[in-house]
Amino acid sequence: MSLPIATGRIQSTLRRFLDSEASGGIVLMAAAAMALAVANSPLAGAYFHALHLYLGPLSLQHWINDALMAVFFLLVGLEIKREMLDGQLSTWSRRILPGAAAAGGMLAPALVYLAFNAGTPASLRGWAIPTATDIAFALGVLSLFGNRVPASLKIFLAALAIIDDLGAVLVIALFYTNGLNLLALAGAAAVLALLFFMNRAGVKTLTLYLGLGVALWVLMFTSGIHATLAGVLLALTIPIKLSPGAPEASDEESPLHRLEHLLHRPVAFIIVPLFGLANAGVSLRGTSISSLGDPHTIGVAAGLFAGKLLGVLSVVGLLVKLRFAQLPAMANWTQMTGVALLCGIGFTMSLFIGLLAFDDPAVQDKVKIGILLGSAISGVAGSAVLMASRRKSSRS
């Protein structure tokens with residue numbers, strides 16, 4: 001085999017991997033596993049020292065969590081806007097089942113967490129940690145089944161996760177914001193108003209929006225509202241349509257679509273893995289079986305595994321029984337159970353909310369163990385149920 005042919009095949013394989021739905025979840029899993037391994041190795045000291053190394057006004061970990069994750073939230077916001085205006089969630093009939101399932105999948109885990117932590121008021125701030133679903137992880141696992149799972153289930157899970165992300169954004173804005181700087185907040189509101197005016201005026205230049213987006217991030221960071229929300233707010237102002245008179249066929253090249261396409265790979269393969277690498281590293285030294293029964297840990301783990309399953313499945317079952325909705329096309333209840341379990345993979349957003357909820361590193365570590373445990377059990381159980389449903393359908 002000649003070198004050019006071999007190189008071409010390698011490039012083609014790499015391109016297929018980067019474009020596949022599962023790839024982002026696979027890279028994130030690898031980053032999380034690496035963080036966990038390094039945090040429990042002789043390199044642990046260097047790992048934690050690097051994270052707390054200051055680069056200008058912020059530590060490396062804060063640059064990742066506050067600045068780079070704003071870009072992640074920008075992409076989340078772009079996806080939500082596109083789906084609401086021009087995609088899977090563009091009509092109310094399409095929103096009912098995933099929307100109600102997402103609501104049930106947020107309420108039940110929160111109640112499970114509160115049940116385990118009712119006796120410790122200081123722990124109640126973590127109620128929102130198990131309410132999140134990691135879209136990259138969950139879709140990544142589901143995509144490993146290829147066409148053996150109905151496409152309608154992938155659409156359902158994607159829509160549910162997008163609505164879940166929107167709920168998580170609202171939770172962060174409403175419940176995890178402290179000590180507002182009103183002057184900076186007024187400045188942020190003025191920048192946001194200017195961005196919306198530009199949208200209404202038909203301005204399509206992305207660099208102008210992104211430049212003002214940086215200013216919005218700085219002002220929100222100063223205001224006390226979590227700066228990552230600047231990404232979502234900026235996304236709402238990015239135009240989804242081209243200038244009047246532009247051919248309809250070129251609609252996919254609108255500023256929103258261009259920016260979404262531009263951000264997809266950097267977010268999936270750089271930003272989210274970096275977040276996992278910076279935040280999944282928890283030292284398990286001294287951790288015993290009994291310590292896994294800590295209310296923070298068990299509350300988060302049980303919320304993700306049992307809460308998500310009960311919340312999503314019960315709401316879907318109720319809507320189908322009352323004939324307000326139908327199961328996704330070609331899907332059965334076993335497959336829906338598998339997908340409901342996959343909703344318990346709450347890695348990225350759960351870690352993020354956990355860091356906002358608790359300042360104590362010891363409590364953060366307990367929460368991280370709960371997230372890793374609950375997400376792992378949910379992923380394995382969901383995969384097992386989906387595999388069982390495939391074997392059952394192949395015999396029938």
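Glycine is treated like the rest: Cβ placed from N, Cα and C.
Over in TrEMBL, the protein carries these features:
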TRANSMEM  25-48  transmembrane segment
TRANSMEM  60-78  transmembrane segment
TRANSMEM  99-116  transmembrane segment
TRANSMEM  128-146  transmembrane segment
TRANSMEM  155-176  transmembrane segment
TRANSMEM  182-199  transmembrane segment
TRANSMEM  206-223  transmembrane segment
TRANSMEM  267-286  transmembrane segment
TRANSMEM  298-319  transmembrane segment
TRANSMEM  339-357  transmembrane segment
TRANSMEM  369-388  transmembrane segment
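Here the listed stretches are 182-199, 339-357, 369-388, and the one with the most C-beta pairs under 8 angstroms to the transmembrane segment (128-146) is 339-357. For the transmembrane segment (155-176), the partner stretch with the most Cβ pairs below 8 Å, chosen from 99-116, 182-199, 267-286, 369-388, is 99-116. Using the rule of three or more Cβ pairs under 8 Å, pairs at least 6 apart in sequence, the transmembrane segment (25-48) is in contact with the transmembrane segment (267-286). Touching of the transmembrane segment (182-199) and the transmembrane segment (206-223) is concluded from the presence of at least three CB pairs under 8 A, sequence neighbours closer than 6 excluded.
Counting Cβ pairs under 8 Å to the transmembrane segment (60-78), the stretch among 99-116, 267-286, 298-319, 369-388 with the most such contacts is 267-286. Listed by sequence, the residues of this chain that lie at least six past the ends of the transmembrane segment (99-116) yet keep a Cβ under 8 A from its Cβ atoms are 89, 124, 126-131, 133, 156, 159-161, 163-164, 167, 295, 298-300, 302-304, 306-308, 310-312, 314-316, 319, 325, 340, 343-344.
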